[in-house]
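One structure is given here, and the rest of the page talks about it.
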Amino acid sequence: MITVIDYGAGNLRSVCLALESIDIPWKISSEPDEILSADRVIFPGVGAAASAVKVLKEKGLEQSIKQFIDSGKPFLGICLGTQIIFDYSEEDQGTECLGLIPGKVIHFEFPEDEKKSVPHMGWNQVNFTKKHPIFEDIEDAANFYFVHSYYPCPDDESMEMATTNYGSIDFTCAITKDNLVATQFHPEKSGRHGLQLLENFSTWDGTYNA
C-alpha cells in the first residue's frame, strides 16, 4: 500500500489514477499518524512553495514526513514535493523549506536572445547519472513530462541520479539519498516510462548501494 500525502497542493488524482492503472494499492491521507505508519509514501504537489510549507506546518505534517524518512521506508517526492524537501527555494521572494536535502531551488533565467519560455513545460529527455532501482527497465534518455519554473540544485552532487537539459541549462531532475528518491518530472503524467518508475517504487525496499 502506498500512502499519497494530501496537503492541498494538487495532482493527487493523477498520481492515484496512475497507481490504479497498474494495480498498485493506494490511499490518500493528511493524518500525521497514518503517514508515519505507512509502508511507503509519495509526496506529490504542484503550486507555490511558501503556501505548501505553511500548510505542512499547520497540519503537523512537516515532522511526520521527517520521521517517516528517518524510519528508512521508501519515500518518493514529485515536482513541488521534490522542491520543498530542499533547504531553500527562490520562489515567493525566498522560502525556507523542509531542509531534508542540502541545497536550494532556483528559477530558470535565460539570456534574452535565447528565447526560452518559462515554465519549462512538456516532454524532455532524462539522462541517468546513476543506476538506481527505480530506473529499472527504463532506458537512459527516456522522455518524461515536466511542468516547472524552478529547478533543484543539491549541494552534494553525489545525490544526483538524473539530469535534463533545457536551453543552456543542465539541471538535476532526480535525486536520491538513502531511502528517499525525488523527481522534478511527473512520472504519473509520463506514459509507460512513468508507470514503470511508479511500479519500481512500489517494490523497492528503500536501500541503495551506489
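Heads up, the Cβ atoms here are built off N, Cα and C, so glycines get one too.
The domain 'Glutamine amidotransferase' annotation in TrEMBL covers 4-201. Taken from TrEMBL, the feature active site, nucleophile covers Cys79. The feature active site is assigned by TrEMBL to His186, Glu188.
Taking the C-alpha positions, the distance from His186 (active site) to Cys79 (active site, nucleophile) comes to 7 Å. DSSP gives the residue listed as 'active site, nucleophile' a coil state; it is part of no helix or strand.
Residues near Glu188 (active site) in space but far in sequence (CB under 8 A, at least 6 apart, same chain), listed by position: Asn11, Ser14, Val15, Leu17, Ala18, Leu19, Pro44, Ile78, Gly194, Leu198. Secondary structure from DSSP puts His186 (active site) in a beta strand.
Of all Cβ atoms in the shown protein chains, 21 besides its own fall within 10 Å of the Cβ of His186 (active site). Looking at the domain 'Glutamine amidotransferase' (4-201) alone, the prediction's average pLDDT is 95. On its own chain, Cys79 (active site, nucleophile) has Asn11, Pro44, Gly45, Val46, Val147, His148, Thr183, Gln184, Phe185, His186 as residues at least 6 apart in sequence with a Cβ closer than 8 Å to its own Cβ.
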